[in-house]
Amino acid sequence: MQGRVVGYVAFFSKPADVARVQGMIGMMLSIGLIVGPLIGTGFADEPHATWRWAYYFVLPILGALLIPIWLVFPSYKVPRPAGLTLWVQLAGIDWVGAVLHAGSFLTLSMAMTFSGSKYDWSDGSAIALWVVGGLCLCCYVVQQRFSIFTTPAKRIFPGHLLINHTVASANLGSFCAAFGYSVGLYYFPVFFSLVRGHSPVQSAVRFLPFIGVFIAGSIVSGGLLPVIGRYKIMYMIGGPVILLAGALITTQMRPTATERTIMGLEAVLGLGVGMIFSYSMPISTAALPPEEIMAAACLSNLSTLGTISFSLSIAGVVFQNVGHRLLKEAIGPYGFSAQDIKLALGGADSPIWEESNPAIQELAVSAVAWAINTVFWSVLTAGAICTIASLAMSWEKLDFKRAKHIGKGEKMDDAENHNQETEHGTKGGEPREEETERGSSRDE
């Protein structure tokens with residue numbers, strides 16, 4: 001659903017509005033990711049209800065929202081080329097690429113999630129997942145590279161856009177921001193829950209600085225981007241802030257750190273990722289021709305939403321394996337089994353957290369805190385990559401104020417054509433000479 005929303009925004013919005021709308025989407029996504037678990041936990045803790053009621057609770061809300069969406073959403077019918085039926089168009093989809101794409105993400109995510117936590121690294125199931133995932137990925141790359149069972153124009157992965165320096169660098173920056181966002185979104189609450197022993201509601205309250213600053217940064221930067229035009233400036237600020245946040249977290253996030261310190265670190269990371277999290281889509285929209293907008297939306301979804309899944313898998317591997325080793329070294333001599341350690345790292349009821357000996361509790365809490373600290377080294381790495389990428393970006397100034405008109409079907413009315421010609425500086429359907437020269441220099 002999130003990917004579909006990004007596609008709608010890219011298709012129907014003007015370039016100047018995409019950045020602001022993307023900021024609002026990021027705001028609503030963050031609020032949902034915080035409120036959703038709170039509602040689910042509330043129902044799960046209620047003796048007369050179960051966690052399933054969290055899903056029942058959402059249904060009437062969705063039903064109420066469908067009415068205004070139906071009324072205000074623009075009516076548009078995608079024009080179908082002459083002579084092509086619906087079945088012919090469906091047959092033209094890159095189905096092989098879609099299967100290999102889903103298979104690669106699914107199997108590799110499962111391999112990273114289960115290796116070391118559910119299965120030992122030497123277990124046959126873990127090895128099978130890695131082998132199948134690697135084969136799917138290799139087949140996917142080859143199939144997309146040589147357009148096997150598809151055509152270059154129909155490939156599911158828009159790899160040709162990566163040749164564009166502007167698009168590639170913007171998506172790399174968004175990849176780094178999404179990496180820091182997802183790690184912070186998941187592991188700050190884990191720190192408050194396992195290390196501090198707070199309830200889900202208490203952990204969510206202490207996580208508000210991250211969400212609040214992230215939302216503010218997204219909205220402010222989304223409004224500034226069309227005005228400034230030079231996207232490099234925003235990345236040169238956001239990248240170093242993420243790098244600074246990663247450095248501070250890895251050096252200051254200790255078992256004895258105060259909650260005020262942790263919440264301050266949250267705010268710094270939220271500011272850095274909020275400034276550039278949603279930038280890949282508006283930058284690509286302004287830098288590419290209109291016919292490439294949907295491909296740009298696909299690439300933007302991969303660099304943000306795809307990164308969230310990918311980064312949490314990597315962070316989970318680090319947390320589970322480092323945490324298991326540290327807990328085993330700290331409390332293994334006291335008779336706790338490997339299953340007890342796995343349950344403790346998963347936040348479930350474990351004999352480790354029910355231990356009455358305060359010395360053992362202190363050792364366990366310290367081990368988990370250091371494991372979480374290790375996870376945030378990935379944020380430091382993402383900040384460093386984003387900073388380097390920002391330095392490699394060009395100082396070009398994109399025109400985010402150029403208009404984009406979507407007609408109702410195959411034709412646009414005369415007023416829309418007139419406005420488009422006026423805003424693009426055209427006369428008689430032909431572009432002015434200076435506009436042609438400017439477009440050619442940008443392509444070079």
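Using the three backbone atoms N, Cα and C, a Cβ is placed for every residue, glycine included.
Annotated features, as they stand in TrEMBL:
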type	residues	note
TRANSMEM	21-41	transmembrane segment
TRANSMEM	53-73	transmembrane segment
TRANSMEM	85-112	transmembrane segment
TRANSMEM	124-142	transmembrane segment
TRANSMEM	162-187	transmembrane segment
TRANSMEM	207-228	transmembrane segment
TRANSMEM	233-250	transmembrane segment
TRANSMEM	262-281	transmembrane segment
TRANSMEM	293-319	transmembrane segment
TRANSMEM	375-395	transmembrane segment
REGION	408-444	region 'Disordered'
Excluding the flanking five residues on each side, which residues at least 6 beyond the ends of the transmembrane segment (293-319) place their CB within less than 8 Å of a CB in that stretch?
2-3, 6-7, 9-11, 105, 108-109, 112-113, 115-117, 156-158, 160-162, 167, 171-172, 174-175, 178-179, 181-183, 186-187, 190, 277-278, 280-281, 284-285, 345, 371-372, 374-375, 378
Contact set, same chain, for the transmembrane segment (85-112): CB under 8 Å, 6 or more residues outside the stretch:
126, 129-130, 132-134, 136-137, 139-140, 143-144, 148-150, 154-157, 306, 309-310, 313-314, 316-317
Proximity verdict for the transmembrane segment (233-250) and the transmembrane segment (21-41), three or more C-beta pairs under 8 Å:
no
Considering only the recorded stretches 21-41, 53-73, 207-228, 262-281, state which has the highest number of Cβ pairs under 8 Å to the transmembrane segment (162-187).
262-281
Taking residues 6+ outside the transmembrane segment (21-41), which of them lie with a CB under 8 Å of any CB in it?
2, 5-6, 9, 13, 51, 54, 57, 185, 200-201, 204, 207-208, 211, 214-215, 218-219, 221-223, 274, 277-279, 281-282
